[in-house]
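One structure below.
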Amino acid sequence: MNKFAVFGNPIAHSLSPTIHQMFAEQHNLSISYEKIGPDDNDFENAFATFFNDADAVGCNVTAPFKGRALQQADTLNKAAELAGAVNTLYKKDSQLQGFNTDGIGLVADIQNQGVELADKKVLIIGAGGAARGAIHPLLEAGVETLAITNRTMARASQICDEVNVSHCIALDKPGLMSFDADIIINSTSASLHNQLPDLQHISFIHCELAYDMAYSKDPTLFMQHAKKQGATQSADGLGMLVEQAAAAFTIWTGKLPQTRPVIESLRKR
Ligand code: ATR
């Protein structure tokens with residue numbers, strides 16, 4: 001049986017095994033997909049042990065190991081390179097291919113909301129690993145301007161310097177006041193701690209979609225704030241989670257899973 005796994009710590013809460021088993025059922029595939037939660041000093045060992053098994057095909061990697069997973073890959077796709085992080089590995093011809101499918105998942109789920117990205121003004125709040133993973137796929141989707149703001153502005157500027165295209169800009173507080181974003185994405189880890197980043201200088205009046213990469217049973221604080229401030233719609237990151245998994249599943253199996261029934265099923269839990 002083909003073997004898959006997700007590495008992270010903590011990992012008990014991970015929905016990845018459930019999601020991938022649902023995808024496999026859609027295609028009548030029998031797979032094993034386990035959660036592996038190594039201690040900080042044991043990731044590389046646990047990783048090597050998993051891939052030493054001849055049945056091991058691929059794995060996902062989540063916090064805090066995405067950067068270290070990149071070091072394990074023989075090749076990287078463009079998104080992984082820019083992100084400095086790998087969330088999907090695929091063993092092919094004894095080579096480990098590294099990918100970052102988080103941004104592909106974000107773009108797919110924004111489209112699931114019926115929102116077009118082409119020619120839009122997009123603002124990303126946050127400049128950590130989650131933001132980095134999103135940059136390349138958002139640019140590929142043809143956004144007009146991709147603005148990045150962050151509590152620590154130097155990190156936003158650093159990303160823009162690396163990307164080095166004129167329509168990717170870092171915006172500080174004064175800059176934010178005159179930027180009417182169509183789509184505003186919260187990539188900060190603030191929601192995970194039930195906090196809001198500083199949103200004082202951000203206008204939601206023209207915002208057709210406020211997207212929080214975090215997800216929870218109830219609308220996140222960011223979603224609530226955005227709606228109150230005039231955003232037309234808001235969404236959390238559950239769909240992104242399922243879409244990034246779908247992209248990984250396709251890399252591993254060549255098959256396209258249906259994501260909508262999986263998102264709906266997880267939403268009901
Ligand atoms: P991740 O991989 O989840 O992106 P990260 O690389 O640690 O994690 O980045 C976390 C991001 O959330 C950063 O942009 C961080 O801002 P700083 O660069 O200034 O640290 C942002 N962040 C976390 N908590 C925040 C808060 N309470 N308010 C605003 N930004 C916050």
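From the backbone N, Cα and C atoms, a Cβ is placed for every residue, glycine too.
In TrEMBL, annotation is done automatically, which means it is predicted and not curated.
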SER14, LEU15, SER16, THR62, ASN87, ASP102, TYR215 bind shikimate per TrEMBL; candidate in GLN195, GLN244, GLN258 listed for that same site: GLN244
Identity of the NADP(+)-site residue among MET1, MET22, MET213 (reference: GLY126, ALA127, GLY128, GLY129, ALA130, ASN150, ARG151, THR152, MET153, ALA154, ARG155, GLY237, source: TrEMBL): MET213
Candidate binding-site residues GLY126, GLY128, ALA130, ARG151, GLY237, pick with smallest Cα gap to ASP102 (shikimate binding site): ALA130
Remaining residues near the recorded shikimate site, that is with C-beta within 8 Å of the centroid of the site residues SER14, LEU15, SER16, THR62, ASN87, ASP102, TYR215, GLN244: VAL6, ASN60, LEU241, ALA245
Pairwise C-alpha maximum, in angstrom, for the residues (SER14, LEU15, SER16, THR62, ASN87, ASP102, TYR215, GLN244) that bind shikimate according to the record: 18
